[in-house]
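As written in TrEMBL, here are the features:
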type : residues : note
SITE : R32      : site 'Transition state stabilizer'
SITE : K39      : site 'Transition state stabilizer'
SITE : R172     : site 'Positions MEP for the nucleophilic attack'
SITE : K228     : site 'Positions MEP for the nucleophilic attack'
Amino acid sequence: MSVDADFPSVLSPRLSKAKLWAIVPAAGVGARMGSDLPKQYLTMQGKTVIEHTLDRLLTLPTLEKVIVAIGKHDGIWQTLLSASSHRVLSTIGGRDRADSVLAGLNALKTLASDDDWVMVHDAARPCVRLPCLEKLIQKVVEHDCGGILAVPASDTLKQSSADNIVSCTIDRQEIWQAQTPQMFKVGQLREALAAALEGGYPVTDEASAIERAGLPVMLVEGRRDNIKITHPEDLPLAEFLLGQQCND
Ligand SMILES: Nc1ccn([C@@H]2O[C@H](COP(=O)(O)OP(=O)(O)OP(=O)(O)O)[C@@H](O)[C@H]2O)c(=O)n1
Ligand SMILES: C[C@](O)(CO)[C@H](O)COP(=O)(O)O
């Protein structure tokens, strides 16, 4: 995918000192995928899921470095070419996704300023497209407000009661499905995430910790093909989407 040469520097003059970093949580075991290998190491078109994901992020010329949070007993990461990139560092993740993201933020302490930006992107989302990454960065920097890629809900949504009986239909007019990347100021995210985890609050994405801290989160409309590989049927779908995108 070609970098859009006309894309303005990611940071306006007002924020020209701020840098952009990325954290890729990749310490999961992929239980829902049910594969022998953690899903980030399954292969599509000759490359692992995480290599496709990193290739997408590293297309951003202004991205300083990516911190990949890997599992404590991960024996595969160091065998990948991506692990030797000068723009990629790794750290040991934690029990839950939020712990892994916090580990990445702590690894950034010696590299990034609190006022730098960081985008957190799931290793399991290899189909994210460069224009969507650029749109998120542009909106966040322009408004100086953290934001996330998301898509408005397009299915009718049902609330379930016991025994999987519908208890009600949810008005989907204001419902969005959050994706990643999720982009925030390094210091704000580290503080919000640490506070949420210390408080025992459920944190399934970075935005929920930021919301809990009372800070705004901008919804930036992305694409529905930015899928997260979670269940077995997601892998062939992701491979198809990658193939389609190559023809764009
Ligand atoms: N302790 C964890 C758990 C998840 N992740 C990462 O967070 C992303 C999204 O999480 P999810 O899709 O839930 O991955 P898994 O936790 O591996 O999947 P499962 O819940 O099915 O085990 C994945 O890239 C995963 O590797 C992580 O870094 N650390
Ligand atoms: C962060 C995320 O991808 C936003 O939709 C999602 O919350 C991750 O959930 P998971 O259960 O950890 O995959």
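Glycine is treated like the rest: Cβ placed from N, Cα and C.
Note that this is a predicted model, so its numbers are computed, not measured.
Shown on the structure are the features that TrEMBL records.
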residue	record	contacts (Cβ under 8 Å, 6+ apart)
R32	site 'Transition state stabilizer'	T230, H231
K39	site 'Transition state stabilizer'	G28, G30, M33, V49, A124, I229, T230, L235
R172	site 'Positions MEP for the nucleophilic attack'	P152, A153, D155, T156, L157
K228	site 'Positions MEP for the nucleophilic attack'	D122, A124, R125, Q179, T180, D234
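In this structure, R172 (site 'Positions MEP for the nucleophilic attack') is part of a helix by DSSP. Closeness to ligand 2 is met by K228, these being the recorded sites among R32, K39, R172, K228 whose Cβ falls under 6 Å from the molecule. The DSSP secondary structure for K228 (site 'Positions MEP for the nucleophilic attack') is coil. Taken residue by residue with DSSP, K39 (site 'Transition state stabilizer') is part of a helix.
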